[in-house]
Amino acid sequence: MASLLTKPKPVFLCSPSLSPRTLNTATPSLNFTRISFTHHQKLAPFKPPSLVVAFSEKGLKRDVTTAAAATEGDYRRIMLSDVLVKKKEKVVWWEREWKAMDFGAVAVVLSMHLLSLLAPFQFNWRAVSVAFGLYIVTGLLGITLSFHRNLSHKAFKLPKWLEYLFAYCGAQALQGNPIDWVSTHRYHHQFCDSDRDPHSPLDGFWFSHMNWMFDTNTITQRCGEPNNVGDLEKQPFYRFLRTTYILHPLALAVALYAMGGFPFIVWGMGVRIVWVYHITWLVNSACHVWGKQAWNTGDLSKNNWWVAALAFGEGWHNNHHAFEFSARHGLEWWQLDMTWYVVKFLQAIGLATDVKLPSEAQKQRMAFTSD
């Protein structure tokens, strides 16, 4: 059992309720160990898997053994899920190497959370309206439409003035400048749910949710220095945003204070930023733990309806990992995808061009196949 799991090939844990599925050849072959769970398995009382199946780049290799190790403590179950991952040695937070950027990230995230705690004492409807409006502007237009679908995946093209405007909206979400955000996300897709993934639940739910942001040394060890964003680094506008990044949210805070005083700061900055933080982070954590898989992506990505509702369609995450180039994540008519509706509107008025969608042939290649 131990020798099987230590080989440099993806490994999946499969339940007796469903037969093992063949790893789709569209998934890149990587040198890592991967633990997953069965397709469409519903939450139920914990039962150890009955077999282990090892995959290689050539497809399914039926090296099957009993999952005795799963009952002997080699695996742990991720919180409130049916996902089993191999146990790793825990790194004590305060004993690891901390860099200045780590302290800075903790300070920013903590200060926004503390500021949001004042919301009940600074409530007024104008401030709430401003927070909601900025949630749309920074969350939908900035993060999901610009940083994610446009810049990270090139799912469509926009006129440069509009591309830059939406990217500026994303910078106001206080999640990092476009170059760094896009680099991390591209590495996530390249090394998805492996030991080199910047934020995988293989390292625990909370690591994938937020703790990864406070450990730049680990991310550098996994991914190396960012070298996958040359398309953005060659553009002066994005280099400018990287250099001056923190000044832009500060300028917005000053403007909000001038418009509505401290309540606008609490709601328009604190509450809104924390809300968009956790919605974005849930895509990295919850959507790799809770939900269903519609496509044979060979990773832990899930379709999660409630994250999709909060994150403007980003919760259809298994769809996204199956067709990362697609401007549309909610592929079924009933899958709400507000970001796609905005892209579709921009396309209708001639502002979005080269809008990419998966073909029927591509869908067939990513579909689960019966044994």
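Cβ from N, Cα, C; glycine included.
Model, not experiment: these values are computed from the prediction.
Copied from Swiss-Prot, the annotated features are:
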MOTIF     148-153  motif 'Histidine box-1'
MOTIF     185-189  motif 'Histidine box-2'
MOTIF     317-321  motif 'Histidine box-3'
TRANSIT   1-67  transit peptide
TRANSMEM  103-123  transmembrane segment
TRANSMEM  127-147  transmembrane segment
TRANSMEM  251-271  transmembrane segment
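Secondary structure of the motif 'Histidine box-1' (148-153) per DSSP, as helix, strand and coil residue counts: 5 helix, 0 strand, 1 coil. Distant neighbours of the transmembrane segment (251-271): 112-116, 118-119, 122-124, 126-128, 130-131, 134, 172; these residues of the same chain sit at least 6 beyond its ends, with a Cβ under 8 Å from one of its Cβ atoms. On the 0 to 100 pLDDT scale, the motif 'Histidine box-1' (148-153) averages 99 in the predicted structure.
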